[in-house]
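Enquirer: Would you mind keeping the following structure in view while I ask a few things?
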Amino acid sequence: MTTPDSITIRRPDDWHVHLRDGALLAGVAPHTARQFARAIVMPNLSPPMTDVAGVSAYRERIMAALPAGTDFTPLMTLYLTDHTDPDEVERGHSAGVFVAAKLYPAHATTGSAHGVTDVANIMPVLARMEKIGMPLLIHGEVTDNHVDIFDREAVFIERTLIPLVKALPGLRVVFEHVTTSEAVQFVESAGANLAATITPQHLHINRNAMLVGGIRPHAYCLPVAKREHHRLALRKAATSGSAQFFLGTDSAPHAKHLKEAACGCAGIFNAPFALESYIRVFEEEGALDKFEGFASEHGPRFYRLPLNEGTVTLERAPVTVPDEIDVGETMVVPFHAGETLGWRFRP
Ligand code: DOR
Ligand code: ZN
């Protein structure tokens, strides 16, 4: 099959990213702002972003961390806890501070210790979000110790998502970073109020990447990569052209020494070569014509935001990903470290 030497698409957005704070923010945010016009910024800082004042101040810190003149809009999210006040949610949303709210089940992942212990505790908040049309973003894993880590997403669908969608059918939900065929099937069967983001890593690697030939902490993120048949289901969904699936990198940098440790942190830093990584999947699947929808159209339509003006180009050229990237105060190992990718990003 012949494929073009370059592809130009409408400027894309990243619908799920961790930009961190402090010195790390200044080191990582420019990588996202270089490729994407907007990004949904996760609120799992320490302490988490739980009110209008905190989220507004964080937004200012992000803008201050970018080089002057950078054309980038952070779309901010609120961190839900058992104690979130529905009025604060509505206030922040109508003021344009919160684009969405994030549900972390307590202790599901990095920075989720203050998350929600039982969705029943936040039903008044979710009902208000349904009423005002504010999207709910979900880290979809149960935290029950009796459930195997590889099953936690599928069990979350049964125990939490199905009842939630039934109770609040008008609530618009993004099932974040889906990793299983069960999640793909659930989203496809759920209708237009449900969508999902898909990361580059879950399209490229299965769990062998973490565990074969030695334990490889840089392939570890949450939800953890699953078996090969799940990866294939994700690739099919991402490249299908369905408006329910869109780009969300979940780029989650951690210092190299914090990943290469006896208890390594979860998270993969994929921002520097995110588009190069995704487009390779679309090329391999013979679906380059579906790339623009996934990267630049389905997300804004779901969030009811305008499509971006302007374009970016990816041209066919070998690009070698460095072994590590200096993000100011520390080194971080990027996704695809040491690999050569077949496309080069041109703003
Ligand atoms: O791997 C992950 N890292 N998954 C998450 O849900 C959080 C993230 C982080 O903040 O490091
Ligand atoms: Zn995340």
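One-based numbering along the chain as shown.
The backbone N, Cα and C atoms fix where each Cβ goes, and this holds for glycine too.
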Enquirer: Same Zn(2+) 2 site as LYS102, HIS139 according to TrEMBL: which of HIS83, HIS114, HIS177?
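Expert: As annotated by TrEMBL, LYS102, HIS139 share the Zn(2+) 2 site with HIS177, chosen from HIS83, HIS114, HIS177.
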Enquirer: Of ALA33, ALA127, ALA243, ALA266, which does TrEMBL put in the substrate site with HIS18, LEU19, ARG20, ASN44, HIS139, LEU222, HIS254?
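Expert: That substrate site, as TrEMBL gives it, pairs HIS18, LEU19, ARG20, ASN44, HIS139, LEU222, HIS254 with ALA266.
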Enquirer: Pick from ASP148, ASP151, ASP250: which one does TrEMBL list with HIS16, HIS18, LYS102 for the same Zn(2+) 1 site?
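Expert: My reading of TrEMBL gives ASP250 as the candidate in that site.
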Enquirer: Restricting to the domain 'Amidohydrolase-related' (14-312), what is the model's mean pLDDT?
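Expert: For the domain 'Amidohydrolase-related' (14-312), the model's average pLDDT rounds to 97.
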Enquirer: DSSP on LYS102 (Zn(2+) 1 binding site), three-state: which is it?
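Expert: In the DSSP reduction, LYS102 (Zn(2+) 1 binding site) maps to strand.
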Enquirer: Around the Zn(2+) 1 site formed by HIS16, HIS18, LYS102, ASP250, list the extra residues of the same chain whose Cβ is within 8 Å of the site's Cβ centroid.
Expert: VAL17, ILE40, VAL41, MET42, ASN44, LEU137, GLU176, HIS177, GLY248, ALA252
Enquirer: Between HIS139 (Zn(2+) 2 binding site) and LYS102 (Zn(2+) 1 binding site), how far is it from one CA atom to the other, in Å?
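Expert: With distance taken Cα to Cα, LYS102 (Zn(2+) 1 binding site) is 8 Å from HIS139 (Zn(2+) 2 binding site).
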Enquirer: Which of the binding-site residues HIS16, HIS18, LYS102, HIS177 have a Cβ less than 6 Å from any atom of ligand 1?
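Expert: Those binding-site residues that pass the cut-off, since their Cβ is under 6 Å from ligand 1, are HIS18.
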Enquirer: Applying a 10 Å Cβ distance cut-off over all chains shown, what neighbour count does HIS139 (Zn(2+) 2 binding site) have?
Expert: 25
Enquirer: Filter the binding-site residues LYS102, HIS139, ASP250 down to those with CB closer than 6 A to an atom of ligand 2; keep them in sequence order.
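Expert: The qualifying binding-site residues are ASP250.
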